[in-house]
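Q: So that we are looking at the same thing, I have put the structure below in structure tokens.
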Amino acid sequence: MQGLLHNQGRMLAPQEADHSPGSSVIAEPPAEFLCPISGSLMGDPVSVPSGQVFERACIQACAALSFTPPSSGLDLSRYSPTSPLPLIPNVPLKNAILNWCARLGFPPPPPLSPHTARDIVRRLMLSHPLPSAIPTAPPQSSSRPYQAADDQYSGASSASPASSSTSSSNHHSRSTSSFSSSYDHCAPEQKVVPQIPTSPIRSDSFDENSLNGLPDADPSQQESVMMALRQATRENPARRKSLCTPCLLAALRPMLLSDNPVIQINAAAAMVNLSLETENKVRIVRSGAVSPLVEVLKGGHPEARDHAAGAIYSLALEDENRAAIGVLGAIPPLLYLFADDSADYRARREAGMALYYVSLGDMNRNKIARASGAVRSILALAGIRDGAAPAEAAAIRKLSLMVLANLAGCTDGRAVLMDSGAVAVVAGLMNEGVVSPGSAEEEYCLSALYGLSRGSLRFRGLARAAGVEAVLMRVAEEGGEGTMRREMAKRTLRAMRGEDDEAAAAAAAAGLVFGGNYDDGNVVSEGMMSFRRRPKDYGSNTTKF
């Protein structure tokens, strides 16, 4: 008998079929070679935008019948004949399947016909819900807020169905029988019964040799390699550390500048994932990756731009990287993205966090202060009131206040903030109850006022006109004994009333308040140290894309 034979969920090579059962050699296909919908070896594997891989005819049938494959998390409702689901041939995976078949003497698997695929999908629709045919994404990290359930994406090679080690034999037989009848339409000489592997799913199929000649490869191959890399960098810290080599980073940089959105998006997502590891952060910046990330921020695909903002945020967590990020031009596009109310909220949040960490550096604070319209834009965001999405508005407002508190720690920042009406904006937020008493937002308001008050006679008049004294007195009286917010309120009140001690006045007269330890950010040790720890409310950058 020609073709493949199936024996208890495993395949027998044709030359082995005539032997007795005891002498047969059993071959089990690798999990990633099987279509999650049909359960068979894929003859025409394709990747969807999320990175998952299916048999072409099967996923097309799902889209045509408006059926979402079990546990896939795909949203196929937005696709239509006029706006079809984008499908990208997964050339490396197809070659791997063909090589595996040739090595064991199997004929290459034929692509499923549309008729057969529709029958399979209809059976799935009738029996839905079935045991999970596609592995779900790893648990979401709880260390970052505002984390949507779909923030994590699969990579280039989606794993096949796999039964849990705790699954019963009934589960296995039920799963097999639910698929096997759908293969009655296969060619009689090549009938393939799907197999449910019991080995752990291996979703990392990235081959580092695929980077050789990548810039000169055709777009479909570049797409497949970037998808595989994206998936590989999601796996675990050790894998991300081992992959972050000069060779890989050099190959990744031109992919960030690709005109192909699939290549650019997956390259940017891979860069975010690589940047999660502390030891990779400096290595990535030194490799020259910041400049292409800045270009993506300026004019890349919207999704790639989101990832680029996340990568720069992650890289800016390392003190050593902040000056380079500022010098390489990241600040203007980050400011633009943060202020763009038409942009995706997650992208604005990532841009805001990147600005906060970048603005911890002296030179970058001055760059932001001197950027045309930057401070006014940040003040406008700080003054927003809750609208249709109050949680998002509050988060953007809080990020703006965090950046303003940093800007108040430098000479240029203080001057521009007072010129732009920052005292009135911050006072209004506190007086009108937009920021809640005792909240982190109130602490950033106090931090900004405290920084603006240091050595500035001009602040006194602006603060009185804005009604700052009343709110500061409330904080000074209600704050617990020795708390930082109470101390800052008291010190700001003394500055308003001209009650600073003689030493501070002499320093101000000599111009020393704006230099030395204060202007290098050490003002934080006087009153803002707790606020450098506050961003932990947002969590560290641990999202894997």
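Glycine is treated like the rest: Cβ placed from N, Cα and C.
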Q: Suppose you had to name the range TrEMBL annotates as region 'Disordered'; which of 1-23, 70-92 would you pick?
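A: Residues 1-23 are the ones TrEMBL records as region 'Disordered'.
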Q: Checking distant contacts: for the repeat 'ARM' (288-325), what same-chain residues at least six beyond its ends satisfy Cβ-Cβ under 8 A?
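A: For the repeat 'ARM' (288-325), the nonlocal Cβ contacts are 249, 252-254, 256-257, 261, 264-265, 267-269, 271-272, 275-276, 278, 281-282, 333-334, 337, 343-344, 346-347, 350-351, 353-354, 357-358, 360-361, 363-364, 540-541, 543, 545.
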Q: Average the pLDDT scores across the repeat 'ARM' (288-325) and report the rounded value.
A: 93
